[in-house]
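These features come from TrEMBL:
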- 76-89, 281-293: NAD(+) binding site (BINDING)
- Arg96, Arg106, Arg134, Asp223: substrate binding site (BINDING)
- Asp223, Asp247, Asp251: Mg(2+) binding site (BINDING)
- 4-352: domain 'Isopropylmalate dehydrogenase-like' (DOMAIN)
- Tyr141: site 'Important for catalysis' (SITE)
- Lys191: site 'Important for catalysis' (SITE)
Amino acid sequence: MKKTIAVLPGDGIGKEVAGGAVSVLQAIGERFGHQFTFTYGSIGGGAIDALGTPLPEETIELCKKSDAVLLGAVGGPKWETLPGHLRPEKGLLRIRKELNLYANLRPVSYYAATAENSPLRPEVIEGADMLVVRELTGGLYFGKPSERTKTDGEDAVVDTLFYKKSEIERIIRLAFELAEQRSKKVTSVDKANVLESSRVWRETAEEVAKDFPEVKLEHMLVDNAAMQLIKNPKHFDVLVTENMFGDILSDEASVLTGSLGMLPSASISSDGAHLYEPIHGSAPDIEGKNIANPVAMILSAAMMLRTSFGLEEEATAVEKAVEQVLESGSKTADIAKKGQPTVGTAEMIEEIKATILDNQAILNIMNCYS
Ligand code: NAD
Ligand code: IPM
Ligand code: MN
């Protein structure tokens, strides 16, 4: 198979982990006989420094003509005081909108090898496996007006939470379709006791549910959901929610894997290239120290293999290699037990890559004797 992949490393640890996804994909190409071509584009703070904009037009064109996009992370203290429209994060929001990436799928699974690093008790997290389906191109992030203003002679400010009913319907429908392939349960999270948008969200979920008689629908208020995620994560199968609630709840859910550095995501479009990104940010506090966990980024590449290219065996090979390396005891500082030795970002990437290639060598030997 031949595929073109746009790589947008971005800022901070984004630059350190994006290379990891590329080298793992190169190993997959080598092992399974695929030709992946990588073309690099700029986004975020680096693009502001070089070109004066967080999302250059050529990056948008590159993404649109590629088969899939890999993104590291954007942002950092250097750009924090810029006006909103010039911030690195604006580049990320705009590429999501330009590519029509309306759904962000964030799987959260229990890992035996990192369980002891979670602050949650083993019996609470063991076997937890959920998928957060986050709406990605609407809600408070994109509503107009969003501006500083004046009211009664005073400084004031407004952000707008806006959704078209069709935008609510398509994300909830996708959640039901995904639940059909999983444990057939959708938890729709909202704030329907306060927000009109949430009441429409809830009504829409009820309407969509009629088309999926095998899937159980429950509604949960977001404040309760934040608590239940920690108290009883195994309660959840597919959790669907609007943009900002999904952003917050998925960082919270990462705690059951032991680290934010473990969680991948796929940002899905209805009509073009999908984008794959870890859920974490540019982590300025650990930038440049070779200690960032590359697993979230590498597992995002596995999601790309499965979702964009239909390469199930290859995706599983990446996931298995990650698990094998973690089980062998090689861990970055965020997932290592206190006092245990750690490996650096680059070493972790090399080990995962070598495991992918070694597993093939072992398979070849076994085939010789079978
Ligand atoms: P963050 O996700 O960058 O970091 C939060 C905490 O998690 C930090 O302590 C960090 O060291 C740790 N962490 C994150 N990823 C890790 C990894 N792979 N390995 C080990 N530890 C990891 O969030 P923040 O500090 O609130 O934000 C920093 C910048 O990143 C901000 O500018 C923010 O806007 C941006 N951001 C970007 C994205 C993105 O590009 N998708 C996502 C979130 C935040
Ligand atoms: C994420 C990030 C982004 C978001 C920011 C950087 C715009 O937190 O991808 O989760 O809020 O969507
Ligand atoms: Mn976030």
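Keep in mind that glycine also has a Cβ here, set from the backbone N, Cα and C atoms.
Features recorded in TrEMBL, as mapped to the structure shown.
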| residue | record | DSSP class |
| --- | --- | --- |
| Gly76 | NAD(+) binding site | coil |
| Gly84 | NAD(+) binding site | helix |
| Arg96 | substrate binding site | helix |
| Arg106 | substrate binding site | strand |
| Arg134 | substrate binding site | strand |
| Tyr141 | site 'Important for catalysis' | helix |
| Ala283 | NAD(+) binding site | coil |
Listed binding-site residues Gly76, Glu80, Gly84, Asp247, Asp251, Ile291, filtered to Cα within 10 Å of Asp223 (substrate binding site): none
Give me the long-range Cβ neighbours of Glu287 (NAD(+) binding site): same chain, 6+ apart, Cβ under 8 Å, in sequence order. Gly12, Ile13, Glu16, Gly76
Of Glu80, Asp223, Asp247, Asp251, which of the binding-site residues has the most Cβ neighbours inside 10 Å? Asp247
In the same chain, outside Asp223, Asp247, Asp251, whose C-beta lies within 8 angstroms of the Cβ mean position for the Mg(2+) site? Val222, Ala226, Met244, Phe245, Gly246, Ile248, Leu249, Ser250, Glu252
Most distant Cα pair in Å, residues Arg96, Arg106, Arg134, Asp223 binding substrate: 27
Entries of Arg134, Asp247, Ala283, Ile291 (binding-site residues) sitting next to ligand 1, with Cβ under 6 Å as the cut-off: Ala283
Comparing local Cβ density (other Cβ atoms within 10 Å) for the binding-site residues Gly76, Gly84, Pro88 points to Pro88
Sparsest-packed among the recorded positions, when each Cβ's other Cβ atoms within 10 Å are tallied, from Arg96, Arg106, Arg134, Lys191: Lys191
Result for ligand 2 contact check over recorded positions Arg96, Tyr141, Lys191, Asp223, Asp247 with Cβ cutoff under 6 A is Asp247
Would you kindly give the Cα-Cα distance separating Arg106 (substrate binding site) and Lys191 (site 'Important for catalysis'), rounded to the nearest Å? 21
Could you check which of the binding-site residues (Glu80, Gly84, Pro88, Arg134, Ile291) sits closest to Asp247 (Mg(2+) binding site), going Cα to Cα? Arg134
